[in-house]
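**Q** The following feature annotations were taken from TrEMBL:
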REGION    1-48  region 'Disordered'
COMPBIAS  1-15  compositional bias 'Polar residues'
COMPBIAS  16-26  compositional bias 'Basic and acidic residues'
TRANSMEM  58-76  transmembrane segment
DOMAIN    58-282  domain 'Amino acid permease/ SLC12A'
TRANSMEM  82-101  transmembrane segment
TRANSMEM  169-190  transmembrane segment
TRANSMEM  196-219  transmembrane segment
TRANSMEM  240-264  transmembrane segment
Amino acid sequence: MAVWNRKTTASSSEGSPERDQERGKTNFESSSFEAPSDGPVEHREGTELRRGLAARQVSMIAIGGAIGTGLIIGTGKALAQAGPAAILISYTLVGMLVFLVMAALGEMAAWLPIAGGFSAYAARFVDPALGFSLGYTYWFKYIITTPNQLTAAALVIQYWCPPERVNPGVFIAVFLVVIVTINYLGIRFFGEFEFWLSSIKVLVICGLIILSLILTLGGGPDHDRKGFRYWQKPGAFKPYIKTGSAGIFLGVWSSMINAVFAYLGTELVGVTVGEAQNPRKT
């Protein structure tokens with residue numbers, strides 16, 4: 001396994017000159033994080049990423065990466081399908097799992113901020129086969145979720161512009177061109193675009209939370225103080241497919257899918273760390 005290819009162990013590296021040189025560093029070069037010659041991770045000349053992402057950009061990408069169609073649109077479907085208590089349970093369980101994964105990824109990224117991201121970590125610390133499969137799985141994820149995001153954007157726009165007036169394919173084509181253009185502009189412009197777009201998403205989520213509190217406390221047009229009324233009637237759980245306890249279990253389990261999809265994007269920190277100016281402080 002690749003983890004045994006390291007020349008030194010954690011105990012022997014303490015107090016070593018190489019480790020002392022790393023302390024207090026603020027600038028990192030891609031070449032300084034190359035794997036050993038017998039390791040699975042290699043960087044050829046001219047293939048390193050440019051470290052142009054500032055701390056504010058990486059932080060906002062990390063926050064905004066988890067805010068998308070899975071949270072804004074998918075939560076409504078899960079709420080109607082399984083009930084409020086079901087999505088509370090599923091989102092809490094998945095959130096705890098994501099926290100553990102991100103904590104481990106953050107430690108590896110701070111110690112070894114290489115350009116390969118978490119697929120490179122899997123290849124180096126576990127096995128090259130795992131890194132290979134993880135990289136292609138992540139690639140498949142984005143060729144599936146990108147059309148999903150574009151379709152969701154077109155569906156949202158249909159609220160103001162019905163398909164009878166403008167074909168939804170027009171909006172999908174426009175958004176696709178914008179996404180490709182932003183990714184071709186380079187890390188400097190990409191970081192700024194991501195920072196401001198993620199800021200808008202954070203503001204939207206904060207606005208939705210405030211609006212929900214106002215409506216719950218009776219600040220809507222009907223001045224009806226709803227509170228937790230719908231937790232009592234029709235109930236906190238909604239049976240799915242079957243009735244009784246089996247239906248409640250299936251409802252909670254079905255909401256797990258929406259919860260996992262809602263947390264997609266949090267792993268972007270493991271990818272952007274290879275382009276961060278100061279990954280250990282970021």
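The backbone N, Cα and C atoms fix where each Cβ goes, glycine too.
Nobody curates TrEMBL annotations by hand; they come from automatic prediction.
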**Q** So which residues does the transmembrane segment (82-101) touch in its own chain, when a touch means Cβ under 8 Å and the partner is 6 or more beyond its ends?
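**A** Apart from its flanks, the transmembrane segment (82-101) reaches 75, 230-231, 235-238, 240, 248, 251-252, 254-256, 258-260, 262-263, 266-267.
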**Q** If I take every residue in the domain 'Amino acid permease/ SLC12A' (58-282) and average their pLDDT values, what number comes out?
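**A** Mean pLDDT for the domain 'Amino acid permease/ SLC12A' (58-282): 84.
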